[in-house]
Amino acid sequence: MAENDVPPVAVTHGVVHYGDRAVLHGVDLRVETGQAVALLGANGSGKSTLIKSSLGLVRLTGGEAALFGTPVPRFRAWHRVGYVPQRLGAGSGVPATVREVVSAGRLSRRVLGLPARKRDRLIVERALEAVGLADRAKDPVTSLSGGQQQRTLIARALAAEPELLVLDEPTAGVDAASQEALAAVLSDRVADGATVLLVAHELGPLEPLIDRAVVLSHGRIVHDGPVPEPAGVHAEPGHVHVHPHAKEEERLWT
Amino acid sequence: MDLSIFGYDFMMRALIGALIIGVAAPSVGVFLVQKRMALIGDGIGHVALTGVAVGFLMGTSPVWTAVVVTIVGAVAIELIRERGKASGDVALALLFYGGIAGGVVLIGMSAGKSNATLMSYLFGSLVTTSAEDLRTIAILGALVTVLMVVLRPWLFAVSQDEEYAKVSGVPVRFLNMLLAVTTAVTVTVAMRAVGLLLISALLVVPVATMQQFARGFTVTMFGAMGLGVVAAGSGVVVAGVGDLPPGAMIVLMALGLFVLVAVVTAVVKLARRTLLPTRPATVAATAPEPLDCHLDKAA
Ligand SMILES: Nc1ncnc2c1ncn2[C@@H]1O[C@H](COP(=O)(O)OP(=O)(O)OP(=O)(O)O)[C@@H](O)[C@H]1O
Ligand SMILES: [Mg+2]
């Protein structure tokens with residue numbers, strides 16, 4: 001792992017408190033350029049918190065976080081980063097179409113106040129196609145199923161053409177076929193030299209893509225290395241798991 | 001219908017002023033609704049009362065003191081919202097009561113101002129719009145509308161998903177402040193037309209009307225601006241012809257449009273459901289059943 005260039009993600013001795021309660025206790029996470037790292041761990045182990053603090057969305061109460069070698073508070077090159085949150089932002093009293101939400105992902109490459117260029121629109125369309133939502137582009141996001149909303153968020157991250165993709169449970173509630181599609185999209189990006197950091201409970205079709213797994217438990221890293229075998233000591237309890245939402249979503253919205 | 005009253009300059013000024021406010025108010029309101037802060041306009045209206053009173057007291061134009069005081073209030077609300085999330089509600093309420101109470105006390109202190117003047121700020125007084133007032137309304141209204149339209153994708157991102165906007169490098173803080181200041185300016189400008197007590201209606205009702213059937217944000221925004229113009233224009237005309245208060249008439253027109261759209265969308269939905277089945281397969285399979293049931297019951 002002796003890359004010459006700076007690591008896209010680096011959290012050193014990261015500590016996070018919510019109120020008085022420590023949720024991360026001095027976590028070190030370094031993701032090298034071109035790596036695909038999976039962050040595993042039980043519910044509440046601090047995966048989302050670690051990811052958010054690496055992006056500056058949660059304030060570190062100790063340690064520091066850097067993106068591409070720049071401390072996060074001073075980081076400005078946000079077009080290099082694509083983030084897929086665990087769920088769609090709550091705030092929206094006004095309807096928004098899938099395309100409108102995905103277009104928001106392009107803003108990191110646009111100049112404030114200037115209209116979108118042809119290329120901006122093209123990349124947005126490509127991102128929609130990549131997640132198989134091109135035919136739903138004009139529909140309100142709230143009319144999509146949970147899995148389709150998840151795909152909308154992935155498309156939004158792709159619209160920035162990022163070098164680093166940070167995905168918080170991109171496969172949650174997504175059926176097997178869409179997981180395969182996501183795996184294909186991600187391995188394309190990795191083949192292009194992109195770096196991937198993703199949270200998952202089960203890797204499924206993503207497994208061949210992953211170079212390294214980091215397992216969190218109660219806010220501490222308890223494993224950092226090859227993907228733990230399902231039968232091994234670090235077996236994920238939910239590893240063999242039927243997808244309850246599989247195939248069901250298409251039926252609901254036609 | 002006797003439209004001869006629009007031959008008078010003051011009526012034309014009232015109409016033009018109302019139209020400008022009609023287009024500007026929903027362009028801001030759509031973002032407030034998206035942030036689920038629809039009632040913020042009301043709150044800032046309360047604060048504007050203190051601003052108006054300060055103007056009375058100092059003997060200067062109440063509009064400009066109201067602009068300053070509401071901007072301070074709006075920025076304060078935004079800072080509170082940004083910091084403590086849970087206490088935001090209460091802080092907001094305190095600000096509203098402070099605004100009304102402060103305004104009433106300050107007006108009591110400024111001697112010589114009749115209740116009629118206060119009433120004109122509470123309920124609007126379009127027909128007293130001077131040429132200078134109209135110029136102020138036009139400049140500020142145009143500024144607000146242009147800003148909202150040009151910055152739409154960015155303001156949309158901030159209002160829709162603030163966290164994501166942050167990691168897109170969108171200047172979240174700046175845009176939130178800008179929206180707060182723009183809201184304050186819109187409220188004070190519109191206070192001439194519909195009055196402080198009704199201003200929120202112009203910000204929110206056209207947006208709510210569009211929300212009933214629109215599928216996207218852009219459509220909602222521009223549609224609401226169109227509805228705002230229709231409500232303002234028709235409100236002033238009806239008020240002029242019937243010698244009614246224009247501010248309240250504008251709001252009634254906006255509400256009328258809301259009800260009209262509600263009825264039309266309900267009818268369209270019903271018609272769709274009965275005339276063009278969305279799930280042909282299931283409908284075809286189950287269609288004969290109700291008939292059978294009736295027959296069974298009858299038998
Ligand atoms: N905003 C918050 N305020 C207070 N506590 C929080 C907040 N967000 C998370 N926590 C707490 O921090 C801990 C870690 O949460 P986090 O969301 O990082 O877990 P996670 O590993 O992502 O879990 P999941 O698998 O359910 O997504 C949990 O105990 C949670 O209760
Ligand atoms: Mg999580």
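Any Cβ shown, glycine's included, is placed from N, Cα and C.
According to TrEMBL, the features are:
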TRANSMEM  B:12-32  transmembrane segment
TRANSMEM  B:63-80  transmembrane segment
TRANSMEM  B:92-109  transmembrane segment
TRANSMEM  B:138-157  transmembrane segment
TRANSMEM  B:177-205  transmembrane segment
TRANSMEM  B:217-241  transmembrane segment
TRANSMEM  B:247-271  transmembrane segment
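Ranked by number of Cβ pairs under 8 Å to the transmembrane segment (B:12-32), the listed stretches B:138-157, B:177-205, B:217-241 are led by B:217-241. At the 8 Å Cβ cutoff, the transmembrane segment (B:177-205) and the transmembrane segment (B:247-271) share at least 3 close pairs (sequence separation 6 or more) and count as touching. Within the same chain, residues 16, 20-21, 23-24, 27-28, 30-31, 34, 164-165, 168, 170-171, 175, 178-179, 182, 185-186, 189, 217-218, 221, 225 sit at least 6 positions outside the transmembrane segment (B:138-157) and bring their C-beta atoms closer than 8 Å to a C-beta of that stretch. Here the transmembrane segment (B:92-109) has long-range neighbours at 40, 42-43, 46-54, 56-57, 73, 76-77, 80, 118, meaning same-chain residues at least 6 beyond its ends whose C-beta is under 8 angstroms from one of its own. Residues 18, 22, 123-126, 193-195, 198, 201-202, 205-206, 208-209, 212-213, 227-228, 230-232, 234-236, 238-239 of the same chain sit 6 or more residues outside the transmembrane segment (B:247-271) yet have a Cβ under 8 Å from a Cβ within it.
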